[in-house]
Amino acid sequence: MVAGRYSPPWFSVAPMMECTDNHYRTLARLISKHAWLYTEMLAAETIVYQKDNLDRFLAFSPDQHPIVLQIGGNNLDNIAKAIELANPYGYDEINLNCGCPSPKVAGHGCFGVRLMLDPKFVGEAMSVIASKTDAPVSVKCRIGVDDHDSYNELCDFIYKVSSLSPTKHFVIHSRKALLNGISPAENRTIPPLKYEYFYALMRDFPDLRFTINGGINTVDEANAALRLGAHGVMMGRAAYQNPWRTLGHVDTAIYGAPSSGITRRQVLEQYQVYGDSVLGRYGNKPNIRDVVKPLLHLFYTDPGNGPWKRKADAAFQHCKTIKSFFEETLVAIPDYVLDAPVAEPPSGREDLFANTLSLMPPPYEDREQKVVLEA
């Protein structure tokens, strides 16, 4: 649980519901040894209510370190109990979700990004989390919510949370969230990116650590963000939808490690051992489809990808093991694809951070003033 045992969190894979489960994280770790991995968001209430079934939600293999547990919730007692229950699993950091715009979370659930409107509660929650664990703590948030989207309001949130708690690390999705009228997917594209807010936070809070998130789709773009000063970069959908060509370059391009030369055939041989060991561990779950799901993007844009997916659809109906699934489906992928090391990384957008520093808002004026916190 000591972060110093691992590479710095220069690159991390974002927590994504129904994506970054144990199966995906196993695949990701086979491809990259240094990327920091996050769980899906787990509601504190789920952890508390499932206290007799925790392995299904919290267990992971030691190979997945460094790994961050992301939790969500708005009840301090349940948050405290959830952290106590999670402690034995040895996560390397605990992150509180203050950025999810899903109606189930920010609407009916009244947590996720809605918590940005109550920084005092977030500060209290982070203090509770820190008091229940020896792991570092962090917050993932947006740059604003609906009309509460000024740079000063964002700074007020950061200042109050960091003043009220030991939180020193913030993961900033550089878009605001719109809570009414658009879907979670649209919330990842419609609100404009404002990277200038992120870099202004780094200027105005030099004692804190900031990880940039949102709109970064290639390792080249991640390196551009780091060169501009970001302490870390978090990538979401691109790391899930094209894991081979994104995660396959993280260790060399970001961490400076020598190339492992690993091929997808070798990745799948190791994944097969994992997959067959977990099938049906919890009754009828996970099943073949669950375990194979993260592999469906492994051959993105490669020859044979379409036929392989069609064979996979048929194999889901009758295959009982991952071994038999691979024997039936991988004949669609040419040997030269299976046996090739990762190719050159896709190029990034050269203008992604154009004029970012010149667009930064004026310095946060209220930081040194006493912030009045309502009881």
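Just so it is clear, glycine is given a Cβ too, placed from its N, Cα and C backbone atoms.
What TrEMBL says about a protein is an automatic prediction, not a curated fact.
Look at TrEMBL and you will find C100 tagged as active site, proton donor. Summarising the annotation, TrEMBL assigns FMN binding site to P15, M16, M17, Q70, K140, H173, N213, G214, G215, G236, R237. What TrEMBL records for 13-323 is domain 'DUS-like FMN-binding'.
Structural mapping of features recorded in TrEMBL.
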residue: P15; record: FMN binding site; Cβ contacts under 8 Å, 6 or more apart: Y38, T39, E40, M41, V68, Q70, N95, N97, K140
residue: M17; record: FMN binding site; Cβ contacts under 8 Å, 6 or more apart: E40, M41, C100, S102
residue: N213; record: FMN binding site; Cβ contacts under 8 Å, 6 or more apart: A14, K140, V171, I172, H173, S174, V233, M234, M235, G236
residue: G215; record: FMN binding site; Cβ contacts under 8 Å, 6 or more apart: S174, R175, L193, L352
residue: R237; record: FMN binding site; Cβ contacts under 8 Å, 6 or more apart: M16, R188, N217
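The Cβ neighbour count for C100 (active site, proton donor), using a 10 Å radius over every protein chain in view, is 26. For K140 (FMN binding site), the Cβ neighbour count at a 10 Å cut-off comes to 27, with all displayed protein chains included.
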